[in-house]
Structure formats: C-alpha cells, structure tokens
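Features of the protein shown, as given by Swiss-Prot:
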type     : residues : note
TRANSMEM : 33-53    : transmembrane segment
TRANSMEM : 99-119   : transmembrane segment
TRANSMEM : 163-183  : transmembrane segment
TRANSMEM : 213-233  : transmembrane segment
TRANSMEM : 234-254  : transmembrane segment
TRANSMEM : 268-288  : transmembrane segment
Amino acid sequence: MEWSLSQNKLLAFHRLMRTDKPIGALLLLWPTLWALWVASPGVPPLWILAVFVAGVWLMRAAGCVVNDYADRKFDGHVKRTARRPLPSGDVTEKEARTLFIVLVLLSFLLVLTLNTMTILLSVAALALAWVYPFMKRYTHLPQVVLGAAFGWSIPMAFSAVSESLPLSCWLMFLANILWAVAYDTQYAMVDRDDDVKIGIKSTAILFGENDRLIIGILQVAVLALMGAVGWLNGLGWEYYWSLFVAAGLFGWQQKLIFNRDRDNCFKAFMNNNYVGLVLFLGLAMSYL
C-alpha cells in the first residue's frame, strides 16, 4: 500500500512538472540551441551543451511548479486546469514549494560549472521564472515576461560560450520575446472566456478582435529579427530557407486561428515547436 501511495505521489509530481507535456520545454530549448550555435559558432562545447539542455528541462519543470502554485486558487474554476495536482489535492502546497526549491538547486549546481558572468545572469533567470506566474494578476502583458523568461537562456548561452553579449544576442532575445507573445496569445485564446470570468489577464484579452492581426505582425517581426541575426553572422542559404519554411508555418497558424476555435488555437500553439526546430536546423546546417 505504501508503494502505491508513493507511486501516486510521483505521478502527481510528474504531472505538476509537465514532464508528460514536453511542448513547453521544447519552446524553451530551441532558442537556447539557436544561441549556442551562433555564439560558438557551430557545435558548442559538449559540456556547455549538456548543461544547457539539462537546465532547460529542470527550469521548465520549476517554472511549471511555481506557475501552478501561483494559480492554485484559480485553476479549480477553469475546466482545462481543474484536475491539476494542486487544485485537486494530489500535491500539497508544501510539497510544491519543496519540489520547486529542489529543481532550482539542481539547476544552480549545473550553472556553477560555468563562468562567473553566466552564474550572475542565472540570478535574473530565476527572478523571471518566479515573477512571471504572478504577472497575469496585474497586467495584460504577462506573455512579455514569459518571453523574457523563456529567452533569458540566450544571453546566458552567449555568456557561457564567448563571455560576451553582442548585438546578435539581443536581436535573438527580442525575437524570442515577440515569438513567445505570439504563441502564448494563441494558447491564451483557448482559455479566454474562462480567464475573463475569473479575472486573469492576458494578451488574448487585451488584443480582443485584433488578436490575429497582432499575432501576424509579431510573427513578421520575428522573421525580420532572425533574418538580421543571419545577416550579422554571415549565415548561408540553408538558414534563409529555414526562415522561408518558418514563414509558411506561421501562415498555417494564421489559418488555424482564423475562426478562433479553441482546439485549432491550441493546434496553432503546438505548431510553434516546428518553427523552433526548423530555425535550429537552418542554423546548424549553415555551420556545417
């Protein structure tokens, strides 16, 4: 019986950390890999690559824990989130806090193997991960903070590899913020009606009927900024083909969200994984 209870608890932790739903980790991973490949340039040192890949999964898990902790009073009122581990009682608040601390400590131990500049930048990463879940109470732009949190691995990657933060770093960082606002607005469109009822703020609510147009503008800006990164670093035709393919994927997302159907908005959000992958493949092939 004890094993059964322990197994149930582990499964609850598994759901709390979203390890059963890797899309968030992948959306965090791709920009990290972009930055590592551009900063190196080419294949980065294997230890640095391993640290960042492990750090992505650990900090994404920590972010999910603190997000659910912040939303524990709201999630029970939203159909999609009512069965999450905290509102359902499968995980206690104390257990969630402890799990968050463990995940952050493991991440920090990895960062300690890198240079001082990267260690200092990691403090800002933790602050962004902690602050983001609470922003949806106070501003309609929590997605901007999410973009900064998901993109902070970019300056950290440049720092770890080259101990510098060139213009390419900040253009890529800005592109990631705009990309995150676009895809998380698609995600927020799924819950928009419920969020309005319970007082949660989001860009989907702020943009209203202009949501599709603004998402489109953001997507064009992402492509322009990533094109500038390619130009500054002398990347080859492989990279620009990847931008062309990414533009096609963005066009498909616009088709999916056209009628604002919840299921299709979620499919559009999920499709962004392929955008990140395609851009990484273009970068990687340019450095072969």
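Note that Cβ sites are derived from N, Cα and C of the backbone, with glycine treated the same way.
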Top stretch among 33-53, 213-233, 268-288 for CB pairs under 8 A with the transmembrane segment (99-119)?
33-53
Going along the chain, which residues at least six beyond the ends of the transmembrane segment (268-288) come within the CB cut-off of under 8 Å?
23, 26-27, 29-31, 33-34, 37-38, 40-43, 179, 182-184, 186-187, 190, 226, 230, 235-236, 238-243, 245-246, 249-250, 252-253, 256-257
Against which stretches of its own chain does the transmembrane segment (33-53) lie, if we need a Cβ under 8 Å and a gap of at least six residues from its ends?
110-111, 113-114, 153-158, 160-162, 168-169, 172, 229, 233, 279-280, 283-284, 287
Who are the long-range neighbours of the transmembrane segment (234-254) in its own chain, taking Cβ under 8 Å and residues 6 or more past its ends?
186, 212, 215-216, 219, 223, 226-227, 268, 271-272, 274-275, 278-279, 281-283, 285-286
